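**Q** My questions will all concern the structure given below.
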Amino acid sequence: MCFSAEVSFGASAVISTVGVMAIRKSVNKEQLFLAMIPLLFGIQQFFEGVLWLALENTEYASWTPLATFGFLIFAQLIWPVWVPFSTLMIENNKKRKRLIGASLFLGIVLFFILGYRMIAYDVTAQIDHQHIFYTVGHFKSTNWWSGIFYLLPAAFPFVFSSYRHINYLGFLMLLFFVIAKVFYLKYMISVWCLFGAILSMYIFLILKRREMIR
């Protein structure tokens, strides 16, 4: 998350708490994967809080690789698979299941492509103007086309869902993606994950009001 270690750890605590509450509201195994999204975002933000400490304090510098990879594993490997899979689990409409299934297939492809990049190239993180700037080799988060390719599995499955309130979540994620790209292009990975983490708390409200996914 942007700004500081304190903000990251604070957000992690709040989002993780909401995540636990969401899990308790899930009524079956199909909903469980959707319910886990806020908790996973909370864990991801904890990694970025640790990364802030490591980058700002030399005594914690040895934590930098673990924290960097921990954050990026969520950002680049987990979300492109987890989002379509969790949406597919609750979907009943056959046509929409095919769309979401195609997104899941693309997410799996991205998992291997981005995973290879993280293994084959140098992964770095640095503080720049109160944001964390991530790079994987010579690849940076400044290309619109790569961002759109990432969105197909990481956000569009929510849009494809037959549940209206899941659609709202998807459209909000797309909106904040555009905002992050326009105003925080260089720090896209960190900023959009912040937006996604905040928006994920809406999942708790969806599960709390069970009629919203009926």
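Sequential numbering from 1, following the chain as shown.
Backbone N, Cα and C define each Cβ position, glycine as well.
TrEMBL lists 32-54, 66-87, 99-119, 142-159, 166-183, 189-207 with the feature transmembrane segment.
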**Q** Considering pairs 6 or more residues apart, do the transmembrane segment (99-119) and the transmembrane segment (66-87) have at least three CB pairs under 8 Å?
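**A** Output yes: the transmembrane segment (99-119) sits against the transmembrane segment (66-87).
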**Q** Would you call the transmembrane segment (32-54) and the transmembrane segment (189-207) in contact, using three or more Cβ pairs under 8 Å, pairs 6 or more apart in sequence?
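**A** In contact, yes.
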